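Colleague: Okay, so Swiss-Prot annotates it like this:
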DOMAIN    5-235  domain 'ABC transporter'
BINDING   Gly40, Lys41, Ser42, Gly43, Ser44, Gly45, Lys46, Ser47  ATP binding site
Amino acid sequence: MSTVFALANIYKSFGRNKEVPVIVNATLQIKKGEIVALIGKSGSGKSTLLHIAGLLDTPSSGSILLNNIECTDKTSDKDKTYLRRHFLGFIYQFHHLLQEFSVLENVMLPQIITGKSKSIAKKNAMEILERVRLQDKLSMPISQLSGGERQRVAIARSLINCPLIVLADEPTGSLDNNTALEVFSLLQEYAKEKNIAILLATHNYSLAQKACRIVKIDSGILRSYSIDESGFNKI
């Protein structure tokens, strides 16, 4: 199966003189439809790596390959915005939904931004909201939803443009374990059907074990593990 997303020798450092390394020569390839779990302690660089992968932060060196398009520190903001809108989906622990918009309006938004008509965006949003079991809450304000329902809206919004890959940063971190597994199963089911890859940063080992493989980040360095590899539960 073809690679749809890759990080090549990503290095990121902070500090006045860039003397504090956060990501050290990270290389990762993700195939179409593959789910990769990114685990590591708080402060290990998971969120920084996802921000770089999502073209929201620029690496000190290295490149990102998305749909056979190479992105480096020389890639323009305009090109990055285009790639984000057309090829990437994002889910965060704190969902960044628009509180003043309804469920339906939140999910329609990515399609409107990428040029779809309101009628098409509404049709597609209603279809995907049915898939995440929110068809009876289309006009409800976000503020009236439960935590699990809000994350289902976030999942629907991340998937509506059928991205190549969804970058999920602790997407169920604020939910209890049963709700987290239920919400992630909805994401996993739709992604599998549409062959969408997922890079999942999580502290939840129950979720991590649903991935195709595990990548651990430790002091900015990536190490890969298979799901059934001896000692995984000790990572």
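Just so it is clear, glycine is given a Cβ too, placed from its N, Cα and C backbone atoms.
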Colleague: Give me the sequence-ordered set of same-chain residues, not including Gly40, Lys41, Ser42, Gly43, Ser44, Gly45, Lys46, Ser47, with a C-beta within 8 angstroms of the centroid of the ATP site's C-beta atoms.
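Modeller: In sequence order, the nearby non-listed residues are Ile217.
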Colleague: Drop a 10 Å sphere on every Cβ of the binding-site residues Gly40, Gly43, Gly45 and tell me which sphere holds the fewest other Cβ atoms.
Modeller: Gly43
Colleague: In the predicted model, what is the mean pLDDT computed over the domain 'ABC transporter' (5-235)?
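Modeller: Mean pLDDT for the domain 'ABC transporter' (5-235): 88.
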Colleague: Tell me the Cβ contacts of Lys46 (ATP binding site) under 8 Å, same chain only and six or more apart in sequence, or just say none.
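Modeller: Expected: Leu38, Ile39, Gly40, Asp169, Ala201, Ile217.
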Colleague: For Lys46 (ATP binding site), what is the secondary structure state per DSSP, taken as helix, strand or coil?
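Modeller: It is helical.
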Colleague: What kind of secondary structure is Lys41 (ATP binding site) part of, going by DSSP in three states?
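Modeller: The three-state answer is coil.
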Colleague: Can you tell me how many other Cβ atoms are located within 10 Å of the Cβ belonging to Ser42 (ATP binding site)?
Modeller: 7
Colleague: Across all the protein chains here, work out how many other Cβ atoms are within 10 Å of the Cβ of Lys41 (ATP binding site).
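Modeller: The Cβ of Lys41 (ATP binding site) has 12 Cβ neighbours within 10 Å.
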